[in-house]
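Here's what TrEMBL has on this protein:
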DNA_BIND  69-129  DNA-binding region
COMPBIAS  344-353  compositional bias 'Acidic residues'
DOMAIN    67-128  domain 'Homeobox'
DOMAIN    131-332  domain 'TLC'
REGION    339-380  region 'Disordered'
TRANSMEM  45-68  transmembrane segment
TRANSMEM  140-160  transmembrane segment
TRANSMEM  180-198  transmembrane segment
TRANSMEM  264-284  transmembrane segment
TRANSMEM  304-324  transmembrane segment
Amino acid sequence: MLQTLYDCFWWERLWLPVNLTWADLEDRDGRVYAKASDLYITLPLALLFLIIRYFFELYVATPLAALLNVKEKTRLRAPPNPTLEHFYLKSGKQPKQAEIELLSRSCGLSGRQVERWFRRRRNQDRPSLLKKFREASWRFTFYLIAFIAGMAVIVDKPWFYDLRKVWEGYPIQSIIPSQYWYYMIELSFYCSLLFSVASDVKRKDFKEQIIHHVATILLLSFSWFANYVRAGTLIMALHDSSDYLLESAKMFNYAGWKNTCNNIFIAFAIVFIITRLVILPFWILHCTVVYPLELYPAFFGYYFFNSMMGVLQLLHVFWAYLILRMAYKFITGKLVEDERSDREETESSEGEEAAAGGGAKSRPLANGHPILNNNHHKND
């Protein structure tokens, strides 16, 4: 039974063009070809990334946060209350008005006190500013190194300048060690992100991030054992070109360097739009959809690869919408914040300090405009 499933999964007609077999991709004459078994190394490498990340955040990111004066806002803790805690854990973090009234009667507290307790309790669960800074530092470091390394791998290749050469001789295309390690390291990193997703900072696009990680892992894995390696290296470098800018903007954001954060964000938005909404669909996706059909009939692997590319492109459109909405607010002088963030609730945000001075404080300005993201009240 298992052997039958194995044979069906690796049926050549699924993953290779017609009249080609896995035997055509066996190493010979000193030429090495991509094999599915190469991917086994990604799991131990992903675990190694988690270990490296732990020590990086402890011995590099934490001292860097102190150097940049990343300060955590003091949070008032919710006083112990078994009834409210049980509701919070079992029924929800945002009780409705009718539930607040019932809880108020059962606890002997006023409705305002119950609302305050839940507000403070929610803030307790939000990640600290230091945690967010360390996470952004780790991703910035990897994406920057990956982008530089990726460009070094592909910049001297003919298919970097002529996309038709991506398919020249396909699938009998040998690989070199730099391509191998570029693939294994990128794939391992995305696996490590998937492993750590439960402990990482959760944002409003959490589900989209999961879809992105899974689609990326499937895309990289398939492109390796089906020998779409040339296209895969181009796609990875293209994605890394903007990711490190976003993470660096977050780092300066958490450190309170507002103008620097704003300027980097603008650079990120420009690079993201150009690479994800112009180059990727009109050059890279065109290369993977149109050019292969000039060489061989479409097969399952062709549809699978381009379907995953389509999923990524839809996510890029979604994130581009958020980025453009933020840019619009920035240009028009409105407060700009990470649209994926979950705002931390302040004591004054719900009128608790009305008696002391009347409502929420006005937001600070920079050069006549509201500054980008008041970090000590944000979750990203």
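Here the Cβ of each residue, glycine as well, is placed from N, Cα and C on the backbone.
Curation does not apply to TrEMBL; its annotations are automatic.
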Could you give me three numbers for the DNA-binding region (69-129), the DSSP helix, strand and coil residue counts?
36 helix, 0 strand, 25 coil
Could you tell me whether the transmembrane segment (45-68) and the transmembrane segment (180-198) are in contact, taking contact to mean 3+ Cβ pairs under 8 Å with a sequence separation of 6 or more?
yes
Taking residues 6+ outside the transmembrane segment (264-284), which of them lie with a CB under 8 Å of any CB in it?
163, 231, 234-235, 238-239, 241-242, 245-246, 248-249, 252, 309, 313, 316-317, 319-320, 323-324, 326-327, 330, 336, 372
Same chain, outside the transmembrane segment (304-324) by at least 6, Cβ under 8 Å from its Cβ: which residues?
205, 208, 211-212, 215-216, 218-219, 222-223, 226, 228, 235, 268-269, 272-273, 276-277, 280-281, 284-285, 288-289, 339-340
